[in-house]
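**Student:** Handing you this structure, nothing more for now.
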Amino acid sequence: MAPAIPSSTRSSLAKLALTAGPAVASHHFQRRGLTVNHTQGVTLGIIAAYVVVIALLWNLPYVRWVLWPFKMLVIAFHEFGHAITACCTGGRVESISLDPHEGGVTHMRGGKQFITLPAGYLGSSLIGALLTFCGFNIVASKVASIVLGVCFLLTLWWARKDWLTIVTILLSVGILIAFWFIEHGEALRFYVLFIGVMSSLYSVWDICDDLILRKVNSSDASVFAKRYGGSPQCWGVLWSFVSLILMVCGILAGLAAFKQSFEQQEKDSQGFIPTRI
């Protein structure tokens, strides 16, 4: 038979549980929640800087050409979104081409246009959110670069007759490979993060450019509105809102998943296809 616990002792234990419980729960939340450490704070600051720099370079005359290669890359993501959803919905992709002035175009037959039309903007936004997520960690950025390489190969196959697309893709692959060899991929992490931020915000800026500033009648939102109703501006705002939500989700997921310091990330990276100059 277990010995009886005095009432005074039971009272003390109850008070201890009441005071310690919230402290333990708070500590557990801080460990598992979305607290921001120094490394993550630096990453968030870099994301904010990317947003400002990209927004300025996107709109300022004479210097916007600096973003041109990256615009072409993000447009390739946009066209890849059209192409992959066409294949997934029973369609066939004939070709992908990029235009230095008007953007890109995907020639395809069949598929569900209710899905393939918004998949350009939303697809590039999803890719951007995933790259932003991976940009919080070096190893994740390495994995993302491998997946990007596979997507680039598919895009090259569909665009094998378009020299601009080929040059854009090969240049991007070259940069990815080069950044693998700098500080065990630390430069690769910030490159993946930059492409992620730009791709996430591409639909917002491009929709504003197409539907508000230039009012392009052949934009995806305009074609979608003609086929399924509503106004191009309405669909454009909706897709832009979804793009921003995806970007925020990518950032929050990165904060939750990757708590490692810069030093720990570099150490982990040395065990994942180690490379260094």
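Using the three backbone atoms N, Cα and C, a Cβ is placed for every residue, glycine included.
Whatever TrEMBL says is automated annotation, not expert-curated.
Quick paste from TrEMBL:
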| type | residues | note |
| --- | --- | --- |
| TRANSMEM | 41-63 | transmembrane segment |
| TRANSMEM | 114-133 | transmembrane segment |
| TRANSMEM | 139-158 | transmembrane segment |
| TRANSMEM | 163-182 | transmembrane segment |
| TRANSMEM | 188-205 | transmembrane segment |
| TRANSMEM | 236-258 | transmembrane segment |
**Student:** Counting Cβ pairs closer than 8 Å, which of 114-133, 139-158, 163-182, 188-205, 236-258 has the most of them with the transmembrane segment (41-63)?
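**Tutor:** Selected stretch: 188-205, with the most Cβ pairs under 8 Å.
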**Student:** Considering only Cβ pairs under 8 Å, which range in 114-133, 139-158, 163-182 makes the most contacts with the transmembrane segment (188-205)?
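**Tutor:** Comparing 114-133, 139-158, 163-182 against the transmembrane segment (188-205), the winner is 114-133.
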**Student:** The transmembrane segment (139-158): which same-chain residues, six or more beyond its ends, come within Cβ distance under 8 Å?
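**Tutor:** Residues 76, 79-80, 83-84, 93, 95-96, 106, 130-131, 133, 165-166, 169, 172-173, 176, 180, 185, 188-189, 191-193, 258, 265, 268-269, 272-273 contact the transmembrane segment (139-158) from elsewhere in the chain.
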**Student:** Residue list, the transmembrane segment (114-133) vs rest of chain: Cβ under 8 Å, 6 or more residues beyond ends.
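**Tutor:** Contacts of the transmembrane segment (114-133) (Cβ under 8 Å, skipping residues fewer than 6 from its ends): 47, 74, 77-82, 84-86, 89, 91, 106, 108, 140, 144, 148, 192-193, 195-203, 206-207, 220, 223-224, 227-228, 235, 239-240, 242-243, 246-247, 249-251, 253-254, 257.
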